[in-house]
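K.L.:
Dropping the structure in here first, questions after.
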Amino acid sequence: MSHQEGSTDGLPDLGTESLFSSPEEQSGAVAATEASSDIDIATSELSVTVTGDGSDSRDGGFPNDASTENRSSDQESASEDIELESLEDFEHFLMSGESLFHYPLVGEEETEREEEDEEIQEEGGEEEEEEEEEEEEEEEEEEEEEEQPRAGPQGSGGNHEQYSLEEDQALEEWVSSETSALPRPRWQVVTALHQRQLGSRPRFVYEACGARAFVQRFRLQYRLADHVGCVNTVHFNQRGTRLASSGDDLKVIVWDWVRQRPVLNFESGHTNNVFQAKFLPNCGDSTLAMCARDGQVRVAELINASYFNNTKCVAQHRGPAHKLALEPDSPYKFLTSGEDAVVFTIDLRQDRPASKVVVTRENDKKVGLYTITVNPANTYQFAVGGQDQFVRIYDQRKIDKKENNGVLKKFTPHHLVNCDFPTNITCVVYSHDGTELLASYNDDDIYLFNSSHSDGAQYSKRFKGHRNNTTVKGVNFYGPRSEFVVSGSDCGHIFFWEKSSCQIIQFLKGSREGTINCLEPHPYLPVLACSGLDHDVKIWTPTAKAATELTGLKKVIKKNKWERDEDSLHHGSLFDQYMLWFLLRHVTQRGRHQDWRSGEAEFPDEESDESSSTSETSEEEVQDRVQCMPS
């Protein structure tokens, strides 16, 4: 959700479900109990049940019967399991030749009972021994499996066991610290409702949309399914009435997301995966900008967001172009970045729209870019991130290539300045007022920087628990004042952190395929759209009756942390193997091209330089494929 409070033209009214029964506000508050009737009446006004024409949600709105169907299906499956077990028992008796119905003679009854008791005791003892042995074997196997991937002292005996125990204890302590009790919410439901009734809360809805109570009640409302491949991008128009999506099928779909139907479906004109498609602001939804893996930047001309005219290429990168950055109020200008390290500014009013702003370099070496964002408070400034650890801020008015490669200032976590393994930044985004800058690092955490701090300043906050490894994963602020941080994860979950406390307050299963890449908040409503490896767009709204329980959170973040640590340990060996292969290949090529007449074993200087530059490019490409493969 951006900071803008756009027009509500064409949008449905909000009304019917309760959104404010958070456990934090129910902590023994007697006053809240006495005023429960008032709260029920007020909260009914603040629900987020969205329908196309104000009708019942069952007539094309949000589905509300899923939980009942799930419960009934679970009961049916449970009854089927019970019947299956009874049939198996019956077959067991038939195969063993025993009789289900045995009637002893009168004189034999007591004797048989004693014999049966003895047999049962013997069989019971044997079964208990067998079960104990099986349990011990299973425990030993589990311990072996857990110990195998761990890196540590390889000695036998107590040293290895002590190391494993210390490692497990440290991991448990880390998980506990990340899932500790949440602080008291700043926005109080009872107080806010009371002030609203008195007329002293004119921005009630605006403030409520940034409240923790809404975020903790998010649940999946429906899926928008019309793509035949991964969906890489979703974007709301300025008024929030339309949603654009695109992906691997090269199609762009414009949705009426409230009525759950596409209003426009057209070919993008790209030849490879579309990475981003965005409506330009203040143009009546008539212009859509796109970029893709083929390096092209294209613009589609729409008429009232319901009729497609054509697309044209306005810029060409020499590598994949992952992100666009819009100027908040301009219907003509935007920025693009690509893996060729180039930043273009596009002005649709010019005959030649694209002009090169800067080529990102570090120590005279190009740095491929994955992300770009414009400062909403100062549109001359923009930030980029890519194939190294630095977030760079530029000012278009004073880019001097001779001074610090034109960089105004750059940030990175201090522990990553001289790290032993390559680090990538997959997404950078400014807060609603441009004072903060959020950066998501590949195989690391999410860091918050103060954009007004001096060059090289340390991060101010750090958000942990998710995993960012396999794709170019996005991150975003959520809330009218950027109160929350939201990100997808390789584990298929969506994580919400409260920015002030850096703690996880919401944890949602967002993908069947395992990765969520793009998260787009609505401009002013408490609605979130997301996409990833699944072939659909998911719409989330805060319509759950109670706050979502963070069931399984500790297990998931523990697994994410363990997998990340394992990858960091193995990365060095993989890189060394690649370098060994490259050196052997280089030596072989030199042997083949030796001058047999003179016996010289050295290349000319020009060929050596060219080979060196080629090796740098190859090394970068391999590292990119290993660490940060775009979807």
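Heads up, the Cβ atoms here are built off N, Cα and C, so glycines get one too.
If you look up Swiss-Prot, you'll see 1-91, 108-163, 594-631 marked as region 'Disordered'. Annotation source Swiss-Prot lists compositional bias 'Polar residues' at 44-54. Taken from Swiss-Prot, the feature compositional bias 'Acidic residues' applies to 77-88, 108-147. Summarising the annotation, Swiss-Prot assigns repeat 'WD 1' to 226-265. For 269-310, the entry in Swiss-Prot reads repeat 'WD 2'. Annotation comment: Swiss-Prot describes 316-356 as repeat 'WD 3'. Among the features that Swiss-Prot reports, repeat 'WD 4' is placed at 364-404. Annotation comment: Swiss-Prot describes 420-459 as repeat 'WD 5'. Swiss-Prot lists 467-507 with the feature repeat 'WD 6'. The feature repeat 'WD 7' is assigned by Swiss-Prot to 511-550.
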K.L.:
Under 8 Å between C-beta atoms and at least six residues away from its ends: which parts of the chain pack against the repeat 'WD 3' (316-356)?
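P.N.:
Same-chain residues near the repeat 'WD 3' (316-356) but 6 or more away: 4, 272, 275-276, 278, 280-283, 287, 289-297, 299, 366-374, 376, 379, 382, 384, 386-387, 394, 396, 472, 624, 630.
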K.L.:
Six or more residues beyond either end and a Cβ under 8 Å away: which residues meet both conditions relative to the repeat 'WD 2' (269-310)?
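P.N.:
Hits for the repeat 'WD 2' (269-310): 230, 232-233, 235-239, 242, 244-248, 250, 252, 254, 263, 316-324, 326-332, 334, 336, 338, 340, 344, 346, 348, 354, 472, 630-631.
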K.L.:
Give the residue counts of the repeat 'WD 6' (467-507) per reduced DSSP state, in the order helix, strand, coil.
P.N.:
0 helix, 19 strand, 22 coil
K.L.:
On the 0 to 100 scale, where does the mean pLDDT of the repeat 'WD 5' (420-459) fall?
P.N.:
93
